[in-house]
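A short worksheet on the structure shown next.
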């Protein structure tokens, strides 16, 4: 089954069996499968297509984790996907969804990392921002629902003004463009879209105190309904600087009143770690925290 949508230029919508319309790249809509727009980067035996290709299953066992990436890179826009995380005892596992410039010394990266838990404990999502090679900007939020019971939508909005990480349209992290104050902001390098499932029991759950229980393996995470809207690279050179791109519009340059209330609610009730307030790591508050995150 495909979704037929009316689209603006530079939009790619993927439902894993999908239609892709990108006026700057192709003249007509074309049907596509997952592998036409993504590539498996790690352990193809651990990635499976289900439900006629509408759902992708990632598998972690004692032999391997796995991962995939977009074939194209994008400079500004929004990317989202629906994910159903590992149920039950998932301690020591990390399910990641992120954007990365794939450059070594000066990489840009925008991360969602879902940190596994012991049964009955809340799932934490860690976000991080790398700009011009500088990262270590972790924040953690305990999700207010069971992310393994059903699919939820996770999205990254990236424009010239800020980066917004959202869960079911609720913003959980905002990283503002404070270049005028000398603070790096990712805006020069296109980024690909990646997802991985892997073992990280040296740090993922309670700082590494909780180890992975391999008797519960294999572990499964599920993905569907990828939505990518952005400027593909290579592509028209003027796309990324075009102020008429919807994601650069006035209503996307800052949180509206409802989104701002939701953002404050998350930070007051569900944030469990913020590098900005970690004096053991940063005796001097990082400048972007003072300037407004």
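Using N, Cα and C of the backbone, Cβ positions are placed for all residues, glycine too.
Annotated features, as they stand in TrEMBL:
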- 1-29: signal peptide (SIGNAL)
- 28-223: domain 'GH16' (DOMAIN)
- 109: active site, nucleophile (ACT_SITE)
- 113: active site, proton donor (ACT_SITE)
- 117: N-linked glycosylation site (CARBOHYD)
Ask   = Tell me, what is the mean pLDDT of the domain 'GH16' (28-223)?
value = 90
Query = When you measure from the Cβ of residue 109 (active site, nucleophile), which residues in the chain that are at least 6 apart have a Cβ under 8 Å away?
reply = 98, 99, 100, 101, 128, 129, 130, 135, 186, 191
Message = Can you tell me how many other Cβ atoms are located within 10 Å of the Cβ belonging to residue 117 (N-linked glycosylation site)?
response = 25
Request  = Might you list, by sequence position, any residue in that chain lying six or more from residue 113 (active site, proton donor) with a Cβ less than 8 Å away from its Cβ?
outcome  = 94, 95, 96, 98, 125, 126, 127, 128
